Amino acid sequence: MKSLLIFGVLLAVVQLSTQAEPKCWVGPPETISKLQWPDMDDECIMEVKKHIKRELEASVTYLAMAAHFFNSANFRPGVAKFVLKHASEERAHARALMDYILMRGYDISKDEIPTIKPLSTTWDGVFEALNTTLTIEKDVRDYFKKIIFVCEGGSDPEHKSVDYHVSDFLTGTFLDEQHQGVREISGMLTTLGRIIANTGNTAFAEFEFDRTLLEH
Ligand SMILES: *[C@@H]1O[C@H](CO)[C@@H](O)[C@H](O)[C@H]1NC(C)=O
């Protein structure tokens, strides 16, 4: 019994002496360095950031186009309404790309928000204007493919930096809309082209075509 007691006391002494400093942290949580968790490839981030500018450029060009067709001299309110809708869509894309970069743990400095000018500001009629929007939509679509290529490690033969989430985000969120936009505008150009060809009167054709856009 006595030896057991001595053993117990010894054990307690040993335990006490081996215990490290007691930890009691009551301060604010330690700051986690941002660089500890993001995992995007630099080239991929750069491509996504470059695309923010392209989306904004498309948006501002459509906005200028809307102003042009709301103008009394070129009044085509249906066309103006249509391009205005697309202006909002492209701006929303730019915003979503910004949010994506932030979500992945990277910053966008205010200096990276570029000064934006419309890609063109004169359009000789509705056909030319819609043809411009078709070109822009196609370019944007093709750039999505380029971003996906880069983010899936396209330039890296070992594909070390493959980032399927970016691809998934781009194809799921934007590419569908982009394909539909291209399809819709192509159809519109065909329709307008036919009315012009059949009536031989561009102003009348534009007027008729514009009315169909006002209806929805
Ligand atoms: C439409 O735009 C494309 C690209 O800018 C151009 O090559 C083509 O000639 C234009 N089509 C018409 C019918 O104006």
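Backbone N, Cα and C define each Cβ position, glycine as well.
His93 (Fe cation binding site): 24 other CB atoms within 10 A of its CB, across all protein chains. Residues or ranges marked as Fe cation binding site by TrEMBL: Glu55, Glu90, His93, Glu137, Gln178.
The domain 'Ferritin-like diiron' annotation in TrEMBL covers 38-196.
The feature signal peptide is assigned by TrEMBL to 1-20.
The Cβ of Glu90 (Fe cation binding site) lies under 8 Å from the Cβ of Glu55, Leu56, Ala58, Ser59, Tyr62, Val140, each of which sits 6+ residues away along the same chain. Within the same chain, residues at least six positions away from Glu137 (Fe cation binding site) with a Cβ under 8 Å of its Cβ are Ala58, His86, Gln178, Gly181, Val182, Ile185. Using the Cβ center of Glu55, Glu90, His93, Glu137, Gln178 for Fe cation, the list of other same-chain residues with Cβ within 8 Å runs, in sequence order, Arg54, Ala58, Ser59, His86, Glu89, Ile136, Val140, Phe174, Glu177, Gly181.
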